[in-house]
Amino acid sequence: MTKPNSLIFYCIIVLGLTLMKIQLSEECELIIKRPNANLTRVPKDLPLQTTTLDLSQNNISELQTSDILSLSKLRVLIMSYNRLQYLNISVFKFNTELEYLDLSHNELKVILCHPTVSLKHLDLSFNAFDALPICKEFGNMSQLQFLGLSGSRVQSSSVQLIAHLNISKVLLVLGDAYGEKEDPESLRHVSTETLHIVFPSKREFRFLLDVSVSTTIGLELSNIKCVLEDQGCSYFLRALSKLGKNLKLSNLTLNNVETTWNSFINILQIVWHTPVKYFSISNVKLQGQLAFRMFNYSDTSLKALSIHQVVTDVFSFPQSYIYSIFANMNIQNFTMSGTHMVHMLCPSQVSPFLHVDFTDNLLTDMVFKDCRNLVRLKTLSLQKNQLKNLENIILTSAKMTSLQKLDISQNSLRYSDGGIPCAWTQSLLVLNLSSNMLTGSVFRCLPPKVKVLDLHNNRIMSIPKDVTHLQALQELNVASNSLTDLPGCGAFSSLSVLVIDHNSVSHPSEDFFQSCQNIRSLTAGNNPFQCTCELRDFVKNIGWVAREVVEGWPDSYRCDYPESSRGTALRDFHMSPLSCDTVLLTVTIGATMLVLAVTGAFLCLYFDLPWYVRMLCQWTQTRHRARHIPLEELQRNLQFHAFVSYSGHDSAWVKNELLPNLEKDDIQICLHERNFVPGKSIVENIINFIEKSYKSIFVLSPHFIQSEWCHYELYFAHHNLFHEGSDNLILILLAPIPQYSIPTNYHKLKTLMSRRTYLEWPTEKNKHGLFWANLRASINVKLVNQAEGTCYTQQ
């Protein structure tokens, strides 16, 4: 048992170390990119751990060993588009890990070889070599997958040096002088899966080179120019006819073709009868007329034809002829893009077309109208054309009974909902209507079994309630419209992917996730979210779903309103439940008011709060009135701050409470027993000292109303109040006086007590301080001549 366990443990250790080594290797990748930096030499400050070095598009003219000697970890070196003229491969002898070397688009004329075996990618194309730069050392590059060469002379002897290598792709760029000493069989020994030959771009194609390399699966020929009618593109047609010898050839690509219409049809006809299965022609310039001829569609291996970017002169022949050639091709896949095609005929019989792509043309929505011979068609792309009426497309699709995918995006389609039957083909599963002029009415007529629907970049403001019930719809893209809410899944019960970013969604429905139980991907970012109470539940629901469901969260989900929250991520947006729940807010306010009311009632009952409030108001009013009385009026002949009138029964309170608390602040109080002048009548003394006092204080109590002299003093003071218009009466209620106990002849006292505010003597000692402060404030004024005595009267 011990030995097997030890073996297992050892294997685990080895596996862990191997994984760690791989991880460290990946983490140690150091890529240095300095393209287009006007460098004339390889920089000297390169890090020693550099693994990828890109020095393309500079002015480097020389590469020395010392330039890269220290870069022992270098695996990728890109020096294309420089000015290298000479190269000694020995400069890489210390870069034993070098695998990728790109020296294309330089001025190399001479190359000196050195043994190297690690290269997988070597590109010497687009240089100034006379003969192909193939050394015998190249034969040792057993790992070589890509080889780019260039030269004006191609000799079999050079090619034989690498004939035994199984290279995935060979790029051969022929110089402008190619053809002077041409060896037609020079490529016979090339062993590669993909061969790309670039012919001289400015010369007529009059080459004898045999391009039918026996091992080639994919062949690409660039710069084909044959426009001279006397030759009829015979050289190139002869080269194509030899392709029939290579039974392995499956892919043929022609780039940058300039020829006549007749030669173009001849090229198609020759390729039609070769082993080629996939034929692509791009960047074509056509001229001249097209002579009528029958096209032979029989005996072909071709499955797909792609024609891209065609420029032609003004047609001088009926276009229907060329359209009929294309329409009746017996292939499965047909692509014509960027050809300015304005129409396409319906095949004359049931077509084998499975996939048709007419992207970027000038087709109208009348294309294939009433065509019943495309019943096998599965995919149709009419992207970037001149389609305007969706109803016509609907009627056309109805006859394509096998159509599963339709792309009519980037047109000017409208849907008027004008009563035309919604007759989409029942087989349609994928529909792309993006970048058109469609509104929400399009939802009333959609293929019933569609699974993927793309409506982004239209003019949809809302999804009508009476939409077509798309029970099979799984993916819906309505991005870049004007929708104001997330659509529910009532009509889309199988919806799993929704893209609705860049709309006008401000308050997403809180029940979206409840309605769309099958949603697994939601992209709703970059909308003008209004961060208010209505958004809280939606943000909360996002927190309940898996993070990978909401695409772009949280970076693409930010507040747009209010201004104070603009730019804030919805994840960081918070509002208190109190501000958003009306019931809770009402209950909280009611409870708060109740607590305040109870607290106020308690304060009133326990601390007699109303009394304090009244005293404070009186003190404030007194201070306010004092500031508005002219100083001259106050100081005219006053000798006392106050004249005090009280009953003899209350004298103890006056002497023990009132006088000590008022006279300690230099306040002069007039009492009759201290200041009345002997010999004068009592009435004369009362009148005289009331006039010499700033205020008259009356200490009211049940004893006061029983005193006759107190009544006189009150009468004269009240008379003085109305005579001079002053506010000199202060009433102190020492003890409560019931209204019924006041004699009828004391009508002035009744009037004063009912109209004027009086000070009520508090029985609680803690209130005495405020009482005396209020009283002092009401009588405290600066006297010009301070009386030496104090006047008070006792009755």
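Using the three backbone atoms N, Cα and C, a Cβ is placed for every residue, glycine included.
Residues within less than 8 Å, Cβ to Cβ, of ASN38 (N-linked glycosylation site) and separated from it by at least 6 positions along the same chain comprise ASN58, ASN59. Residues or ranges marked as N-linked glycosylation site by Swiss-Prot: ASN38 (among others).
According to Swiss-Prot, the feature repeat 'LRR 1' maps to 54-77. Taking Cβ pairs closer than 8 Å, the repeat 'LRR 1' (54-77) reaches residues 28, 30-42, 46, 48, 83-87, 90-102 in its own chain, all 6 or more past its ends.
Per Swiss-Prot, N-linked glycosylation site is recorded for ASN59 (among others).
Applying an 8 A CB threshold to same-chain residues 6+ apart, the list for ASN88 (N-linked glycosylation site) reads ILE111, LEU112, HIS114. Sequence annotations record features per position, and here Swiss-Prot assigns N-linked glycosylation site to ASN88 (among others) based on sequence analysis.
CYS135 (disulfide bond) falls within neither a helix nor a strand when secondary structure is assigned with DSSP, and so counts as coil. Feature annotation from Swiss-Prot assigns disulfide bond to CYS113-CYS135 (among others); the stated evidence is similarity to another entry.
The Cβ of ASN140 (N-linked glycosylation site) lies under 8 Å from the Cβ of PRO115, THR116, VAL117, each of which sits 6+ residues away along the same chain. Summarising the annotation, Swiss-Prot assigns N-linked glycosylation site to ASN140 (among others).
Residues or ranges marked as N-linked glycosylation site in Swiss-Prot (evidence: sequence analysis): ASN166 (among others). For ASN166 (N-linked glycosylation site), the Cβ neighbour count at a 10 Å cut-off comes to 11, with all displayed protein chains included.
The disulfide bond feature in Swiss-Prot is assigned to CYS226-CYS233 (among others). Every protein chain shown contributes to the tally, and the Cβ of CYS233 (disulfide bond) ends up with 24 other Cβ atoms within 10 Å.
Every protein chain shown contributes to the tally, and the Cβ of ASN251 (N-linked glycosylation site) ends up with 17 other Cβ atoms within 10 Å. DSSP classifies ASN251 (N-linked glycosylation site) as strand under the three-state reduction. Among the features that Swiss-Prot reports, N-linked glycosylation site is placed at ASN251 (among others), with the record citing sequence analysis.
The average pLDDT computed over the repeat 'LRR 9' (251-278) stands at 95. The feature repeat 'LRR 9' is assigned by Swiss-Prot to 251-278.
Under the heading N-linked glycosylation site, Swiss-Prot lists ASN296 (among others). Other Cβ atoms within 10 Å of the Cβ of ASN296 (N-linked glycosylation site), summed over all protein chains shown, number 10.
Taken from Swiss-Prot, the feature region 'Interaction with bacterial lipopeptide' applies to 316-319, supported by similarity to another entry.
What Swiss-Prot lists as N-linked glycosylation site is ASN333 (among others), and the listing cites sequence analysis. The C-beta environment of ASN333 (N-linked glycosylation site), restricted to residues of the same chain at least 6 apart in sequence and closer than 8 Å, consists of LYS303, ALA304, LEU305, SER306, PHE353, LEU354, HIS355, VAL356. DSSP classifies ASN333 (N-linked glycosylation site) as strand under the three-state reduction.
Around the Cβ of CYS371 (disulfide bond), the number of neighbouring Cβ atoms within 10 Å comes to 18. Here Swiss-Prot flags CYS346-CYS371 (among others) as disulfide bond.
Positions annotated as repeat 'LRR 13' by Swiss-Prot: 362-388. Same-chain residues lying 6 or more positions outside the repeat 'LRR 13' (362-388) and placing a CB less than 8 Å from one of its CB atoms are 340-344, 346-356, 395-396, 399-414, 432.
The local packing around CYS445 (disulfide bond), expressed as other Cβ atoms within 10 Å of its Cβ over all shown chains, amounts to 18. Reduced to three states, the DSSP call for CYS445 (disulfide bond) is coil. Annotation source Swiss-Prot lists disulfide bond at CYS422-CYS445 (among others).
Under DSSP, ASN296 (N-linked glycosylation site) is assigned to coil, being neither helix nor strand in the three-state scheme. A straight line from the CA of CYS346 (disulfide bond) to the CA of ASN166 (N-linked glycosylation site) spans 46 Å.
Per-site Cβ counts within 10 Å over the glycosylation sites ASN59, ASN432 peak at ASN432. Here the repeat 'LRR 16' (438-457) has long-range neighbours at 390, 394, 409, 413-417, 422, 424-432, 463-464, 466-468, 470, 472-481, 499, meaning same-chain residues at least 6 beyond its ends whose C-beta is under 8 angstroms from one of its own. Here the Cα atom of CYS445 (disulfide bond) is found 14 Å from that of ASN432 (N-linked glycosylation site). Under DSSP, the residues of the repeat 'LRR 13' (362-388) split into helix, strand and coil as follows: 0 helix, 3 strand, 24 coil. Per-site Cβ counts within 10 Å over the disulfide-bonded residues CYS135, CYS422 peak at CYS135. If you take the Cα of CYS422 (disulfide bond) and the Cα of CYS233 (disulfide bond), they are about 51 angstrom apart, rounded to a whole number. Around CYS113 (disulfide bond), a 10 Å sphere centred on its CB holds 15 further CB atoms from the protein chains shown.
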